[in-house]
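Structure first, then comments.
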Amino acid sequence: MADRTAPNCHLRLEWVYGYRGHQCRNNLYYTAAKEIVYFVAGVGVVYNTREHKQKFYLGHNDDIISLALHPERVLVATGQVGKEPYICVWDSYTVQTVSILKDVHTHGIACLAFDLEGQCLVSVGLDSKNTICVWDWRRGKVLAAAPGHTDRIFDISWDLYQPSKLVSCGVKHIKFWSLCGNALTPKRGVFGKTGDLQTILCLACAKDEVTYSGALNGDIYVWKGINLMRTVQGAHGSGIFSMNACEEGFATGGRDGCVRLWDLNFKPITVIDLRETDQGYKGLSVRSVCWRGDHILVGTQDSEIFEVVVHDRNKPFLIMQGHCEGELWALAVHPTKPLAMTGSDDRSVRIWSLIDHALIARCNMEEPIRCAAVSTDGIHLALGMKDGSFTVLRVRDMTEVVHIKDRKEAIHELKYSPDGAHLAVGSNDNSVDIYGVVQRYKKVGECIGSNSFITHMDWSTDSKYLQTNNGSGRRLFYRMPSGKEVTNREELKLVQWASWTCVLGPEVNGIWPKYSDINDINSVDANFNNQVLVTADDYGLVKLLRYPCVKKGAKFKKYLGHSAHITNARWSHDYQWVITIGGADHSVFQWKFVPERKSKEALHIAPQETLADSNSEESDSDQSDVPEMDSEIEQETQLTYRRQVYKEDLPQLKEQCKEKHRATAMKKRERAPGSGVKLHFIHGYRGYDCRSNLFYTQTGEIVYHVAAVGVVYNRQQNTQRFYMGHDDDILCLAIHPLKDFVATGQVGRDSSIHIWDTETLKPMSVLKGFHQLGVCALDFSADGKRLASVGLDDSHTIVLWDWRKGEKLSAMRGSKDKIFVVKINPYLPDKLITAGVKHMKFWHKAGGGLIGRKGNMGKTETMMCAVYGWSEEMVFSGTCTGDICIWRDMFLMKTVKAHDGPVFSMHALEKGFVTGGKDGIVALWDDTFERCLKTYAIKRSVLAPGSKGLLLEDNPSIRAISLGHGHILVGTKNGEILEVDKSGPITLLVQGHMEGEVWGLATHPHLPLCATVSDDKTLRIWDLSPSHCMLAVRKLRKGGRCCCFSPDGKALAVGLNDGSFLIVNADTLEDLVSFHHRKDIISDIRFSPGVGKYLAVASGDTFVDIYNVMSSKRVGVCKGCLNYITHLDWDKRGKLLQVNTGAKEQFFFEAPRGKRQTIPATEVEKIDWSTWTCVLGSSVEGIWPVISEVTEVTAACLSNDRKVLATGDDLGYVKLFRYPVKGKYAKFKRYVAHSTHVTNVRWTHDDSLLVTVGGGDTCLMIWAHEPEGHREFKHCDSEESDIESEDDGGYDSDVTRENEINYTIKALSTNMRPMTGVKPHLQLKEPSVDERQGVVRPPVSRALPQPEKLQTNNVGKKKRPIEDLVLDLVFGYRGNDCRNNVHYLNEGADIIYHTASVGIVLNLTTSCQSFYVEHSDDILCLTINQHPKFPNVVATGQVGISLHLVFSSATSPSIHVWDAMTKQTLSVLRCFHSGGVCSVSFSATGKLLLSVGLDPEHTVTIWKWQEGAKVASRIGHTQRIFVAEFRPDSDTHFVSVGIKHVRFWTLAGRALLSKKGVLSSIEDARMQTMLSVAFGANNLTFTGTISGDVCVWKEHILVRIVAKAHTGPVFTMYTTLRDGLIVTGGKERPSKEGGALKLWDQELKRCRAFRLETGQIIDCVRSVCRGKGKILVGTRNAEIIEVGEKNAACNILVNGHMDGPIWGLGTHPSRDVFLSAAEDGTVRLWDIPEKKMLNKVNLGHPARTISYSPEGDMVAIGMKNGEFIILLVTSLKIWGKKRDRRSPIQDIRFSPNSRYLAVGSTESAVDFYDLTLGPQLNRINCCRDIPSFVMQMDFSADSTYVQISTGAYKRLVYEVPSGKQVTEQSHIDRITWATWTSVLGDEVIGIWSRNTDKADVTCACVSHSGLNIVTGDDFGMVKLFDFPCPEKFAKHKRFLGHSAHLTNIRFTNGDRFVVSAGGDDRSLFVWRCVHAPH
């Protein structure tokens, strides 16, 4: 039998020839030790030039493409390509990994850069968005990530002079980034006129915001800030690929082969042209430069590295060479010398010295080379070419001997015969040609017969035979030299082969995996001397196997390094080395062969070796000498714990089902029962598939788990307490070193780990988000700060957590096979071990990853348990064969036999160990496992009298051991927990059923007993009284599924799974009688009531047999069911049977004959049933849940008082319903403790207890029944039912509007006006008359000069253009759909609020406003930080769309945290709340921020805002959440309120746990829509509702309702921190007693109302805040009012339009005041210098437009209903009004001579009125033929013309007052206009931007000086242009602040200000104009 283990010798990488220059840049540096670091293929290389030595970093598994050097120049970061690429940070001195950064990028990592301190690393991905990611690389944590650019990014760099600033560049762009919070915000570089927009390839940052960058055309672009300042032209002849900054200056390298040095100010120092040097050549291209002191390193495109000494720069040293780009296939070794020859598609052949590690000769050929061979005497080198020719050279001087071309296809293989006489040449033409060497290579033979191309050939030692392999996997033999095929295999038996390089043949079967027919092995070479074989494959693996290896799937050792396919591998002539060559990476690797005897010494070589010698993980063939796997372990490894439906899926399933059930939901549903149950005791312990899950706590209680429950058992009192936080099977448990906290891990789609306190049973932290399917092993570190966990996913991921913070520190794939244990090293918490199936690994943490090494042990056994010993390197593990392995570091020192069969559990003591195994023996050992000190056998004979039960068998398999309190605690596979006294007696404490489902359950008719029967083949009787123990057990020959006590309790009937049943004595469990009439399972069995005369037995084969118990005869059979029978019930008289089947049918049979009866549903209810355990019928219709497709109700039982029905279902829920359960989807109380299906439920005879059994979890649970009235509010009080209550939550118009508003981002806004036609910038220009007639005018015309376009008013002064606009004032406040957004700052000196996208701080003494303008879109919420450590810190949240739809990071929803006084941004949090952020709240310490999203899930997120880190996030509610607020005294508790929603949340670690508010404690309380929240002492919470009530909650239970606190919705509440008083604000009519504002005491019992003197019919308060003696109120009508608490005096601080849009805007001709008219029916007069509203007129109708007369004495107002009004300014009296139109007036204008009034309407008309005729306002004329509605109108300066812009994008000119249209263009061009507000016309074509396809420029205004035009558009931007701007897409400045849709814009007199009016934001912005200096 050949040895089938992996070979004992190994390979060690010794040298790599080459450097990766192609497609990579900036990848070559000097380290601090003056070594050179670079990379080739998948290897990082550290090259010491002085000693000519290389070290290798082998932590990557694919091509490395990027490299960065840490500023201290010892650490290196490298990034690779691949589907899941990662970044390694490693030490260039030890070549060990320091950190692994993963899980963010895809495709690859294109660039890397460290910051100045070296704390942060930035990386750029190769994905389509070119994601940029900033890492805290030591912790492996992402600090920020953002889409980088739509096109490739080539370089990125930190600004080394400014913190948190970066620059990136690439295809046609450069971007300047700032990092704030978790947000990276870019600004694009502005090329301007200084340089062309082009691709930037590299960059370097300098002082004072200067950045130097190298461009594609060879120029250097110099940037200042984000603007291009100057260019250095022609720095290089073409693209500049690399730029390197050092102390002396900058070095650049380009495609032109030059390196240039520049000083610190970028003045040229010198140029080095490498093409001109000795080693240079035409086409040399520099890819990387590094300048340090007087040395310069240069890396080239063609894989060379030069070193240049500055003072001798004409003589560069060539220190590394390799093949250039192109596949490398040819490899040959010299027969007598240590030389290797390679040839590649770069057409060069090269000879390498394996001793000097250098290139010694190189020759360029005409064709790409595909194979090579050296003649036996070493004189000739033959090369096979890609074109089908081959060439022979002399090795000595590389001169050509011969060149022959006989074939068309490539030559893939050639070989000289051992006697040197012939050369065999194999081509892709499917043939081999034989040439005679001495006859000058004359062709002497040809081998045909192959049906595919030739891949490999070998000669026999006597040169008489040749074997070939071809591409179709055939192996052929030929006689030499004739080339005749050998068909008779007999003559080949004795042939010896000179070499073996073939991949086919019996000797090399083992190189192929077991069941594969693939041909991905490219090359093989056998080393006959050492009997080893080396193979090279397509996956970049070099493998070492034994030779010969006959059976498929042989064991191997594998070596990584090459990134993709390896094309060839050869042993050197003396078998010292293996040479491998890579195809795509065109690199040559030289491996040192370390034979067996050396391997032993090799254990002491540098640790790097062990990394390279990754000991064959993939070999999966069965080792011949591995013992059979133990049956128990076999079973366990096959458990997958997969679920059809996970509990996490329920919310979605419910949502899907809800649609179907909307209709039924409207009917009144049965309410939940008044009484409840509480878990009291569980019989069971999970031992059959879990280990080491049983411990003593600090207080001496015992903690373990079963089903979904963590159990804390008090053995003195025999009581249990429960941790109920899990919702599915717990699979593992670990205890904190202080023995007070416990960690448990569960099954789940995204399974969670809970860390909880064994005293309070409260969760301390919940860890989620990393393990799929389940968590199977856990361990705390010795300091208790860290937790390690292992998942059940396919790669058994290992995660290391900081559990208190809930942070993942590191993660890694563990193993393909199951892992059973993880243990953290108690001395070094960065190290851990895992053990499992054929697996023992030693790990250490590296940043965000873990690096694992396999234990060194020859053959790998399956490990079941492991512990650390008395020092950091000692590890002890127990195997599946009963041995203990003793490890030091990772080496196996020795093994000790400890048990027969597997060692399942071990525990380390101070001095020694204790182990337990399958043999049922507990052994105590000394500290070296030399002596076994004592053994305890678990036997019935030593069971102490105080035991709570009976041992089922002797020596049960031991699964858990723990020590403490002078005892050994033992858990067994059979579900028993035992306590072993050191002196020997054993006490049984808890027990349950063994593995196998438990279905049978019966309660005794008059005693507190129950019986269970299970698939584990036992029948057990349990005592339900406080002694809680198993009284009797009997083993059955088969498992059973049902049992039943006789009515007198003396007999017990048991149905078995083979179709038989027995009746036993209920006390002794001895047989009374048994029958076997059926084949299938007996599914239910029942005695008839009364004396129990009959016994009904239901079976799986659809029959119910009825037996007479007295005569022991079958008396009847019930037939007619179509499916297996699930439930049986008798009626009280014992005459009628009710039957349920698996097909949900309900049948009735008459006893004893079994005749089928049909009974109408109405009658069924009247029948008096003796028991009710059925699940069908109208009286229980409500027990079926909404999602009954995926879940079955498996069991039910009606209490004996007939009031409560208990049910159990497939999801593990126990539910209680009020009986009868009529109508669908009744309400219920629900309890989770069972993990999977509940198989049976039964009430005890007096209804005091409910007993339930679980299928998969084998548990028997006992629940105490708590009748109504007796209510302790325990956390196990059930959750309320599935479907939200059908009562709507109430109605209010304001609430509905707020809920239904759809917030879209400005970037997506569309036209505000219903425009038609072609946009101006897309219209074709009509030729002028002259052009049409072909007249060419002389350039100097004698005609009059063209008149001015615009009459300018300030002619006397020098006209000055406007350079800039500065926001000066904002009139407006967002109150109509936002709340809680007005606050005091600085002890009430300032207030803060928001409108549009601007945060406003208003100083109350000076009434000056200051603005925060960093938001890119509308602000929706605002809060202030009340903690004294963070004064004036404000958080605001904005609208946005979710990140995966993002056009740019600017449109993603974000939260800004900023300083209200300095307006400095402290942090930006980009979030996934698609839609926007609707609520923000700071925690008590001020360090956390809570946000709620408008996304469909209404996500709730908690942030550490200073770091920008997301702490936790969770789906909030299906409908809108309005507010979520932290409790003012807490960092972990908060409350959210919304549409029919109130939830009480707790933050545990990184998880958010929540409870719905429970209403049932108050009669007839119903869930309303909740709008606001406030807090009181002792966990009181107040929520304001839509009906005006306030609910008062204690914890999460409703305790009181303050009825009608307001008459309308309570929109806002404010808790005062200093005295606890609460302010509420609502919607109500002001009256004597009530007001919309009230101040309450701390309990909300007494209140004082305030009237807001606003004059509104209904006051609607949206925001309140309380300062010192003052209350600040924000209203729905956009007012902010300050109310004095003592005198109730109101002072209005802020006014605004309450409804928008504001359409009309008119500026006064001579004063700085202006008018606005809006949809809310008001016209308001605003004073700019006074910063306030002077007056307001209510018109009673929405107004559309407004205009002053030229003297400013009259005002004309156009209304939406077609009316217009003229007021006198002084008296505000109406001078005249008229309604000639029925549709809105769009614009209204006085003529400059005050004679005419023009009125433009939506009816496509402009009417003229002559004002001199008096106030009757008769229309004198109108303009006809207007193609669409009128937008803007302007009079000419002489009042004779009017220009009209229309909704069809057409501008028309008419005469006044005749109304005739002017069409002559030359005529129009001569008109001078009095004003210009048109957005159309050739003069303003430049104001239309490229991206107005959906949206428009809506308004414009030319300045009085005629030099500028300002515009407003649908995107909410104000833009400033020069006027006129006839060129398309004119340059402009943009000003942000408004929401979408500007409606109007105007200059005030003298061009001092611009006023802009907002559509969506109902706000007026006043901008100060900054004029250019003279």
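The backbone N, Cα and C atoms fix where each Cβ goes, and this holds for glycine too.
Residues or ranges marked as domain 'EML-like first beta-propeller' in TrEMBL: 53-307 (among others). Confidence for the domain 'EML-like first beta-propeller' (53-307), expressed as mean pLDDT, is 89.
The annotation repeat 'WD' is assigned in TrEMBL to 250-265 (among others). Within the repeat 'WD' (250-265), the DSSP-based counts of helix, strand and coil residues read 0 helix, 11 strand, 5 coil.
What TrEMBL lists as domain 'EML-like second beta-propeller' is 328-592 (among others).
Within the repeat 'WD' (330-354), the DSSP-based counts of helix, strand and coil residues read 0 helix, 16 strand, 9 coil. What TrEMBL lists as repeat 'WD' is 330-354 (among others).
Tertiary neighbourhood of the repeat 'WD' (404-435): same-chain residues 329, 370-377, 380, 382, 384-392, 441-448, 450-463, 466, 468, 470, 478, 480-481, 483, 498-499, selected by CB-CB distance under 8 Å and a gap of 6+ residues from either end. The repeat 'WD' annotation in TrEMBL covers 404-435 (among others).
For 604-634, the entry in TrEMBL reads region 'Disordered'.
If you look up TrEMBL, you'll see 615-634 marked as compositional bias 'Acidic residues'.
Summarising the annotation, TrEMBL assigns domain 'EML-like first beta-propeller' to 719-979 (among others).
Among the features that TrEMBL reports, repeat 'WD' is placed at 896-926 (among others). DSSP assignment over the repeat 'WD' (896-926) gives 0 helix, 20 strand, 11 coil.
What TrEMBL records for 998-1264 (among others) is domain 'EML-like second beta-propeller'.
Taken from TrEMBL, the feature repeat 'WD' covers 1231-1263 (among others).
Under the heading domain 'EML-like first beta-propeller', TrEMBL lists 1409-1682 (among others).
Residues annotated as domain 'EML-like second beta-propeller' in TrEMBL: 1702-1969 (among others).
Long-range contacts of the repeat 'WD' (1708-1736) within its own chain (CB-CB distance under 8 A, at least 6 residues past either end) are made by residues 1368-1369, 1371, 1407-1409, 1695, 1697-1702, 1742-1746, 1748, 1750-1752, 1755, 1757, 1760, 1772, 1946, 1948-1949, 1952-1953, 1955, 1957, 1962, 1964, 1966. For 1708-1736 (among others), the entry in TrEMBL reads repeat 'WD'.
The list of residues near the repeat 'WD' (330-354) in space but at least 6 beyond its ends in sequence, with Cβ under 8 angstroms from a Cβ of it, reads 17, 302, 321, 323-324, 360-378, 381, 383-384, 386, 393, 395, 398, 567-574, 576-577, 579, 581, 586, 588, 590. By the Cβ criterion (under 8 Å, sequence separation of 6 or more), the domain 'EML-like first beta-propeller' (719-979) is in contact with the domain 'EML-like first beta-propeller' (1409-1682), since 3+ such pairs are found. When the stretches 53-307, 328-592, 998-1264, 1702-1969 are ranked by Cβ pairs under 8 Å to the domain 'EML-like first beta-propeller' (1409-1682), first place goes to 53-307. Sequence-distant contacts of the repeat 'WD' (1231-1263), counting only residues of its own chain at least 6 positions beyond either end whose CB sits under 8 Å from a CB of the stretch, comprise 643, 677-684, 686, 688, 706-709, 722, 724, 726-730, 747, 975, 992-1008, 1010, 1012, 1014, 1016, 1022, 1024, 1028, 1192, 1194-1201, 1204, 1206-1215, 1276, 1278. Counting residue by residue with DSSP, the repeat 'WD' (1231-1263) contains 0 helix, 18 strand, 15 coil.
DSSP labels the residues of the repeat 'WD' (1708-1736) in these numbers: 0 helix, 17 strand, 12 coil.
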